[in-house]
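Lifted from Swiss-Prot, the feature list:
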- 1-38: region 'Disordered' (REGION)
- 1-16: compositional bias 'Basic and acidic residues' (COMPBIAS)
- Arg105: site 'Transition state stabilizer' (SITE)
- His109: active site, proton acceptor (ACT_SITE)
- His272: heme b binding site (BINDING)
Amino acid sequence: MSENHDAIVTDAKTEETDGCPVAHGRAPHPTQGGGNRQWWPERLNLKILAKNPAVANPLGEEFDYAEAFEALDLAAVKRDIAEVLTTSQDWWPADFGNYGPLMIRMAWHSAGTYRISDGRGGAGAGQQRFAPLNSWPDNGNLDKARRLLWPVKKKYGQNLSWADLLVLTGNVALETMGFETFGFAGGRADVWEAEEDVYWGPETTWLDDRRYTGDRELENPLGAVQMGLIYVNPEGPNGNPDPIAAARDIRETFRRMAMNDEETVALIAGGHTFGKTHGAGPADAVGDDPEAAAMEQQGLGWKSTHGTGKGGDAITSGLEVTWTSTPTQWGNGFFKNLFEFEYELEQSPAGANQWVAKDAPEIIPDAHDPAKKHRPRMLTTDLSLRLDPIYGPISRRFYENPEEFADAFARAWFKLTHRDMGPKSLYLGPEVPEETLIWQDPLPEPEGEVIDAEDVATLKTKLLESGLSVSQLVTTAWASASTFRGSDKRGGANGARIRLEPQRGWEVNEPDELAQVLRVLEGVQREFNSGSGAKKVSLADLIVLGGSAAVEKAAKEAGFPVEVPFAAGRVDATEEHTDAESFEALEPTADGFRNYLGKGNRLPAEFLLLDRANLLTLSAPEMTVLVGGLRVLGAGHQQSQLGVFTRTPGSLTNDFFVNLLDLGTTWKSTSEDRTTFEGRDAATGEVKWAGSRADLVFGSNAELRALAEVYASDDAGEKFVHDFVAAWVKVMNLDRFDLA
């Protein structure tokens, strides 16, 4: 056998990229990513419902990262990190003798992939270690930053995740350069595989921008202007050095990361108080990114042939800018230079558009030669902070009030690096700030004693006698709980925010119907609480309990009595502690579990169902059994008959699967856009059922059909009920971190 493995891989890559892998070359081996997708690229990718399987975790299922992290001496860890920051290594020399600015960029870019629309991205799992993020153009040379930290990671092992280490190092860098941070929370457990469930954009080449339509309208859920960038192009839109146009891009991308105008200015100015950019030579001198680099480079990429390829010869963005005269010390130098000089356009040694101060003295130190000085320079996006009519006054105020600027940056940095961690109750370590912030979706303390099992039984009876139907109780509980997103741990039933704006007005929640149900539930709550002494039931608990009681009733009617596990202890959030604007991002534009499809969706309903199931952390069997159960319980949007493949709605039977797979039914599209279908009796032609793409996919997709066959079998009635209950309880408790 040949030992020239790299040649084999290269040949396979070449043949694959020549065109069609079947007609003009060899299909890739499964170990190279080959498989069914190359033949049927439009097929559902159910693998996103099997993320991070236990078998892939080398630490084992019993490993408790929270417990391991709490055993750390965090102060000792920080001392070790601080030593790394000022110990320059010959293989990658530190700018100004300090790796702090590099580490700030590393932490920023780890967290900065977060976007509000689906909660994906962010620093929470240390994904910067894996493709595609480890090889994004905007993450150039951050592979060196992580490699510099290996001695620290090696020393503390599994007590300190990479995900926590990246963020903590950013904090230590700021602190050792004279900045007082807002705090730090640990708790980000590592994963062991690259995320395959994040849509980063439609482009197939780096730095392309096919994500825009109309008047520069950025596609949802994306949070960056070009493929492979964290936010914006620092040269301006598509390299056009227009600070005003760049400000528009900045505002939109930072908004999609949950930052307002003040936070945006503080973050950019605070980050650019430190360090420099790198563009010492032409881009074509830079080699392959880490994923494409040769094996002997051992995961390091962007090897440069310009000069020494490092230090003063380093190339990253192609820009060559140092913002302040004290690039390793916190201060107000960024704003001072921004406002005190006028700037003219120039090209960096790499040919990138940047700005240099006109008629300015050479006051900026060189990163590697103490004998050299430079004039102040700025990026196009830096000038946006001065010239934009909204950013400009904010920047001026921060310049004139440095303490206000420092506080704004500290808070914005903390938000940036902790936004995807979920509620404050998940924060770990001695540096967790005492102050509770509204973006953490805070919940109040319980108003009374928690209800017990006897109270639960009493309330179930009252709920079932309240006049609300099984469909109404189930739909309301689902609407409340299914807002949860495993991506950033937001949403869920705890807090009963379904009764607050904006959720009570969402189209998917049928506002008029919801208002009627909530009035009845609030009546049950008042009656119970007025006569229960110290014990109080929250509306949040009552909503979930109502759904669970309805499921029990439906299961009994199907002939399989079951008790749905219920854990009391939820509380009701207040408007004061609910950022209504931030919750607008959680509004579903589609929910296949309720057969709801809003307007403007790019993907067909079955793909949107899969995406929703992924956010709910469901497996493919859980998604399947929930859809089948919710259909027969009548939980469709606006009482739609789509997918109600049963003659006994309200009874928890497996009829959805039995009738979908009935060989005596033929299906035909009933809409031009092929979103709805009718099923007719093959013998008589009589219309029997109506369904959506989110229904028929369980018969058309081979893998989902295999699951549907399990539940359609003659012996599956009881299993179906028990599996539905288990999946139902999982969704109801997704945000009950206190139960873990």
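Glycine is treated like the rest: Cβ placed from N, Cα and C.
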Recorded positions compared (Arg105, His109, His272) - highest count of Cβ atoms within 10 Å: His272
Rounded Cα separation (Å) that holds between the residue listed as 'active site, proton acceptor' and His272 (heme b binding site): 14
Distance, Arg105 (site 'Transition state stabilizer') to His272 (heme b binding site) (CA atoms, angstrom): 10
